[in-house]
Amino acid sequence: MDRNRKWVPGIGAVLLILLSHMTSALEVPLDLPQPPTITLQSPKDYIFDPRENIVIHCEAKGKPSPSFSWTRNGTHFDVEKDSKVLMKPGSGTLVIDISGEKAEAYEGTYQCTAHNEHGTAVSNSIVIRQSRSPLWSKERNEAITVQVGAFLVLQCRPPAGLPPPVIFWMDNNFQRLPLDKRVSQALNGDLYFSNVLPEDTRSDYICYARFPHTQTIQQKQPISVTVLNMETMNETVAALYNITDFYSDSPEGERRPGFMLPLGPTSTKMVLRGDTLELECIAEGLPTPEISWTKDGGELPSSRMSFHNFKKTLKISDVNEADAGDYRCTATNNLGIAHHIIKVTVKAAPFWVSAPRNLILAPNETGILTCRVNGEPKPKISWFVNGVPIENVPEEHGRKVEDDTVILSNVQSGSSAVYQCNASNEFGYLLANAFVNVLAEPPRVLTPPNQVYQVITNSPALLHCSSFGSPIPTITWFKDSQTAIKDGDSYVIHENGTLEISVAQLLNSGKYTCIATNNLGIKENHVFLEVKEPTRILKQPEYKVVQRGMSAMFECKVKHDPSLIPTMTWLKDNGELPDDERFEVDTDSLTIKDVTDVDEGTYTCIMNTTLDQDSASAMLTVVEKPDPPSDLELTDQTERSVQLTWIPGDEHNSPTQKFLIQYEDLLHQPGVWINLTEVAGTSTTAQLNLSPYVYYSFRVLAQNRVGHSDPSQPSRQYRTSPAAPDENPSDVQGVGTEPGNLVITWTPLTGFQSNGPGLEYRVQWRQKDMDDEWSSKNVANVSQFIVSGTPTFVPYEIKVQALNDYGSGPEPEVVTGYSGEDFPVSGPDSVQVMVHNGTLAEVHWEPVLSPSVRGKLQGYKVYYRRERGLHETEMDKDQQDQVLTFSGNRSEGRLPGLQPYSLYSLFITVLNNKGEGPPSTSKTFETPEGVPGPPSFLKVINPGLDSLTLEWGSPVNNNGRLTGYTLKYQPVNNTNELGPAKVMSFLANDTTVTLGNLNSSMLYKFYLSAKTIKGSGPIITEEAFTVMDTSESTRTQPPVETGKAPPVGPAFGTVNTSVSEDSAVISWEYFGHHKNVYVEYIVENSKDDWKKELVNSSHSHMLKGLKPGTSYKVRVVARDPADPTVHSTDEVVVTVPAVPSRQVDIATQGWFIGLMCAIALLILVLLIVCFIKRNKGGKYPVKEKEDAHQDPEIQPMKEDDGTFGEYSDTEDHKPLKGSRTPSNGTVRRDESDDSLVDYGEGGDGQFNEDGSFIGQYSGKKEKDTHEGNESSEAPSPVNAMNSFV
C-alpha cells in the first residue's frame, strides 16, 4: 500500500472499485499452507502464427509451491519426451518450438493442472489452432456486360482463413475503389451496385483478402464490367449473348427499390449476449434508394448504436436480451418504398452471476461454495474436487452438494482441497477454481504500520486494516488511542476491516488504531489521517473573442492547501498546448500573442496536487472581418429595378451585421463606387431601385463587428433605358448683379440624374404681380442665365425645368428673385447729435424713403472724425475718418471711443447691396473734458543715500485742461512688504521733484498720475533704491577682511540667471548711485572683447541672440564718467541649452528677402497713390474706412450675402508710453459701468472713471485671421482690445 494515498473527490467509480475489493475473499499470506491458485492462463481459443513459437501460459501459486502437468486432447501430455516442448522452471507455461516442424502436429485442446499436498487446480481447456491464409482457387472470371441502370453484384468469395480475412476492392494501380450509397461492399466482401452507370465500365475490379496473423494479401483475378446504353445493346445483343453473362431481365429506367441483400421479405439473425450485432440491407433501384432502420415495437438503443456503409449496416454493441426483436430496414426512392424485416434472437453463453470464492475455515467451522451462472439455453453445472468429478471422489461427512451450491460442515484439519465449478451450454463454458483451506492462525495485520492517509476536506477517507487469521479476526478501531469508533452516520467499518469516513473534516485528522482479534490472539496497527484544504480555482478563465493578430490572456487564480505542492497545466482542446513561442504560461495566466485562426478552441487550466485537482475552461473565438461575398447574380430585371443575389463569405466567427451594396456608373462616373443601399446580415438578396440611362455594375461588402470585408468582384453590367428626367434642378435663385439685369442660377443635374441624352434646361421668368406671359429660354451645359433690361430692384417669378431627348421633367416650383440694385439716390435728413460724456455720443437721423434706396436697405454708415482738440487752434490733418455701420432700418446709433475735449464732424450714408449713396449734410459736435492719460514717462535720477530725484513727462492726451499731478510713494522691505504711503500734489507745469529724508539702501515704489477737473487719470509706476550706507549695510555684502575699511561706492548683491532657447535673463541687487550700469558677456574660453549692453536703473536684463549649446561668462558692471573706479559683480557662467536641428530659417534666404523687398516697394507705391488721391478729395472704398472694432449694433457688411465684414482706418495706434498691458493683450476694466457692448459692435472696451475711453477707438487693422476676409462675424474681444492699446 502506498504511504501517500491519492484521492480525487467526487469520482464515484473509484470508490465503487475499492468497495468491491473490500467484499472479495480474503487472501492467504504465502507463508501459510494453502492449495494452488491459478494466476495466469492463455485464452480458451489460441490461434498461433506458424512462424513463431507456441507459448501456452499457466501460472499458479500455493504453499508448498505447486507442480504442473498437462493434458492434450483429454490424455496426459508428457512434456519431457518432446524435445521441442519446454516447461518454464517454477511455472507450468509451455514453450513449443515449431521451427522446422509441422505446426499442425501441435494443434489440439490443452489443459494445465497445478498440484500440491493441499489440492489440485486446473486451467480452462485451451484450443490451439494454426492461423491459415490459403491461396485463391484457380478460376476464370467471365467478362460482364450490363445495361445502364441495372443492378449488379460482383462476388468475392475469398478462401476460408483462420482467422477470417479482411476484404477490400482495388484496381490495377492499387487504388481503392470509391464507395458511396450507390456502390457498396457487403459484410461478406461482395461488391453491390444499386444501379450501374457508364463510368462503371472497367476491366480491373479486383478483390483482395488480407489475413491478419500472417499479414499476407491474396488477390482474386480481375473482373471486367462493361456498361451499355440501350442503343448499343440493340446492335450487339446477339453477339454478346453468346459469349457473356447478360443482365437484362427488364428494360432499364427508373424503378422502385428492391433488396439484393438479404433476399425476400424477412430473414433471421442470431447473436450472442455481449457480442456486436451487425445487420445489413443493400437495395437496388433507380434513383439510388435511401436506407433507414427502425425496430418494431421498440426504440433503437442510441447509446450503443451506429450506422456504417452509408446506413446500409446497423451495428449494436454489447448486445443484451432486450435487443431481440424485429428490425425493419426501409429502402426509399421517388417511385416507392421496400421493406425487409430481420428477426433477431439473442442467445447467451454461460456468464457469471456469482462465481465461487476461496474459503478459509478454522476447524469445526462451516462454509458454503456457490456457483451461480446464467445463459441461454440454461447452462449445466458440474462440480469437481481437485480436478475429479465430485461424484467420483469418496464421500465426506459434512459435505453436501445441492445443484449450484456445496455446503461444508464441521471441517477438520487436513480436509483442504480445490473445488472446480463447470457451467456449460452449446455456446460455451465457464470454469472456476475455489479452494477450501482449513487453518488455525492467530491474527496478523497486513496493512503496513504507520501508514499516512491524506484526503481532501468533504471527501471520503478509507483507512485500511487488512488482516488475516483463522478464525477470521474481529476488527476494532480507536481514534487517538482513546475513543472507540462505532458504526454510525460518520463512520462505517467494512467486513474487510477498512474504516470509511464518508465526509472527512479537519477535526477527523489524527492517529487511528485498528485491533484484530480472534480466539488465538490479538494484533494492533496504527495509521494516520491528514485532512487537507481543497484546491479551488478562484478566478476562472473567461470566454474571449479576439481579433486575428491581437493578444488573448486567460487568467486562472487558484487557492490550495499550503502543505501541498500544486502544478498548473494548460490544455488546448484537452490536448497539450502547441509548441509555439507565442504561448506564454505565467504563474496564474496564459497569454497567446498574435492570435491566428488555429488558436481557436477550448483552453483549460488544471491545478493538480497529490490529492486533488480543479479545472476550468474557457473558449477562445478568433474573429476577423468577413470574407467578401461571391457569385453575384442579377435576376428579375425591369426598367427601374433588379434583384441582386450573392453568396456570403466566411464570417470568421463574427456574425455578419449587414451587407453594403455599391454601384459604379460606367457611363457617367467610371471608377467611382457609390453606396446604394444596405440589407440585413441574414439576407443574401436585395431588390435594387434603379435610375434610367445608367450603365450599372454592382458589388457587395459584408460588415461584422470587426469591420467591412473587401469588396466582392463586380457583377456583370446592367444598362437601363433612357427616360424623361425625374427631377428638376435645385437651389434655383434670381439675383441681380447690376442695375438692369437678373441673374438666374441653379444647381444642374448630374449625368446620373439626367435620365437620358440631350439634357437641357428651360428657364422661365416674368415680373411678379404683373400678369405677364412667361418668358422662356432653353439652355444646355450651363448653370445660370442672365436676363437683361430689367427695371431696378423689382421682384420676378422664376422657374427652371429639366428636359432631355425623351421628354420634360415634372412641373418646376416657382421661386421669387429680384433684379439688380443701383446706388441709393440720397442721404438721411435731420441729423442730430446728443453728447453723453467725453467718450460717448448718440446720433439720430430721419430714415430715407424706400424708392430712394433703389435696392434692399442694408443699413446706414456713420463717418466721423476728430478735427482738433478744443484747446488747439489748428485742425489735425493726420486724423482719419472712423466708420460705424448700423444694420437694418435704423434711425439712431451710438458713437463710443471718442476723445474728450475735442471737436468732431460726421455725416451719414445709406447702404444697399450695390453700395453707398451720397452723404448727408455734415454735422459737428464737441466732447466735454475727461480724465487725462497717464504721464508719458517716469524715471529716477541721481539716487543718494537719503534722496531720490524723479522726472516725468506730461500725458500724450490731456483730454482737457491739465490741473496737476499726484505722486504716491512707499518703501518696500526685503520681504516685498509695502510700508506707509506718502502722497504729494504738483502743478501742471511741474515735471521733476527731489525727495529727501529717505532711508538709505531702501527700495521705493512710486505711483504717478495726471489730473484734470474731471479727476485723475491712470497711473504709471517706477521703483528705485537709495544708495547704500556703507557704515551699516542692511543688504548682503561681500565679506570684509579684518582691519580693512569696507569699500566705498557702489556694491552688488546676489546675481541670478535663467536661460531659454536663445536668450538669458540676468537679475541682480544693486546699491549704488551710478547711472551707467552694463551687462557684459563673452563666450567662455574666448579671447574676444567683452560685449556690453546698457541697462541704466533696471535690476534685470535679457541677453538675446545667444547661440544654443554655448557657455558664456557674464558680469554686471557700474561705471561713472566722474569716477574712474569700475565696480563689477563676480563672473557667472551661463550655458544656453542646445536645441534639436531645425530647418533652414526662411528669413535668411536670399529669394525670400528679395520677395519681401519687392512687396514692400509695391506697398509703398500704393500708399503714395492713395495719399495723392486723398489730397485731391477722392474717396476711399468703404471697406478700407471701416473700423474693425464695433459693438453688436454695428455690423460690417459682406458683399456676397448682405451682411457686414470688418473695416478699419489706417491709423497706427501704439500703446501709451509708460503704460503696462497684461501679457494676454487685454485691458483691465477700471471702476466704470460703461461698456462697448452697450454702444456698438465691439467687445470689452476700457473706460476711465469719468467714462472716457482708454486709447483711441480706431486703430490699425490687426494682421490676424480676419485680415482680408470680409467676415460677417464680429471681431473677438481679445482682438478688439489689442487694437486699443
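Positions of Cβ are set from backbone N, Cα and C atoms, glycine also.
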Practice prompt. Write down the single range among 250-269, 1030-1049 that appears in TrEMBL as region 'Disordered'.
Written response: 1030-1049
Worksheet entry | Most Cβ pairs under 8 Å with the domain 'Ig-like' (443-530), selected from 36-123, 134-224, 350-437, 827-930, 934-1030 | 350-437
Worksheet item: In the domain 'Fibronectin type-III' (628-723), how many residues does DSSP assign to helix, to strand and to coil?
Response: 0 helix, 50 strand, 46 coil
Worksheet entry | Winner by Cβ pairs under 8 Å against the domain 'Ig-like' (36-123), considering only 257-345, 350-437, 534-621, 827-930, 934-1030 | 350-437
Worksheet item: Relative to the domain 'Ig-like' (134-224), which of 257-345, 534-621, 827-930, 934-1030 accounts for the most Cβ pairs at distances under 8 Å?
Response: 257-345
Worksheet entry | Tally of DSSP helical, extended and coil residues in the domain 'Ig-like' (36-123) | 7 helix, 47 strand, 34 coil
Practice prompt. For the domain 'Ig-like' (534-621), jot down how many residues DSSP puts in helix, in strand and in coil.
Written response: 3 helix, 47 strand, 38 coil
Practice prompt. Give me the mean pLDDT over the domain 'Ig-like' (443-530), rounded to a whole number.
Written response: 91
